[in-house]
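According to Swiss-Prot, the protein has these features:
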BINDING   GLY113, ILE133, GLY134, ASP135, TYR136, VAL137, LEU138  S-adenosyl-L-methionine binding site
Amino acid sequence: MWIGLISIFPDMFRAVMDYGVTGRAVKKGLLQVHCWNPRAFSHNRHQTVDDRPYGGGPGMLLMMQPLRDAIHEAKNHTETGVKVIYLSPQGRKLDQQGVYELAANKKLILICGRYKGIDERLITTEIDEEWSIGDYVLSGGELAAMILIDSMTRLIPGALSHESSAVEDSFAQGLLDCPHYTRPEVLYGIKVPPVLLSGHHANIRRWRLKQSLGRTWLRRPELLNNLYLTHEQVRLLKEFQYEYNNLIESQV
């Protein structure tokens, strides 16, 4: 996968290129990350990239010209077919389905805004899509870009040590993940669920699915509205709800 980044703080992305899953993907040649700083494309000696917005008001805007030239330079370093993404509070909210869609492009240029945003003329002429990582305010698009890069990298074949991890993660199947445990078997008086120690793979699979369904029902019930549950999933969810309600009643 090829990713071009347009950012006035390119050094922030060393964390992506040097560490964790994304860092390993870069070392394996599965992920290429290149940065272009709009300041290098400014037409004045102060390398100015921002200015006051027309109409007044607080804050500054990133100017169109340095960003536009940086985008065009990034496009010159890859083949055709690259999609330009602006990380923006006004964009479509990112979810796992959106990650799948974006990762399918293979080549992306990510625009990291700053200040109050960017000149609208750049959005209308150069941006293919706007994406948001949530309904909250950040100081810039760099962190949003890192989140997007990390989530997409997990879908690249060979990026994870265990390919099944990407399938079993929360949201990969539209559900939250089930609880997980590691050694020791008993810690501070808390025991690992016996089914996980049984070695019975079918029972373990059913337990994990039931816990995943139940956790989603408890914490993010709206996610279930978007899913078509199988007969097995409906049965397991009802079992979880029955057991949960009995537990609550016993504690009253």
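For all residues, glycine too, the Cβ spot is worked out from N, Cα and C.
Recorded features from Swiss-Prot, shown on the structure.
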| residue | record | DSSP (3 states) |
| --- | --- | --- |
| GLY113 | S-adenosyl-L-methionine binding site | coil |
| ILE133 | S-adenosyl-L-methionine binding site | coil |
| LEU138 | S-adenosyl-L-methionine binding site | coil |
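When the binding-site residues ILE133, VAL137, LEU138 are compared by the number of other CB atoms within 10 angstroms of each CB, VAL137 has the fewest. The record assigns GLY113, ILE133, GLY134, ASP135, TYR136, VAL137, LEU138 to the S-adenosyl-L-methionine binding site, and the maximum Cα to Cα distance across that set is 16 Å.
Neighbour counts were taken at the CB atom with a 10 A radius for the binding-site residues GLY113, GLY134; the maximum falls on GLY113. Note: ASP135 (S-adenosyl-L-methionine binding site) has non-local neighbours PRO89, LYS93, i.e. same-chain residues 6+ apart with C-beta under 8 A of its own C-beta.
The number of other CB atoms found within 10 A of the CB of TYR136 (S-adenosyl-L-methionine binding site), across every protein chain shown, is 7.
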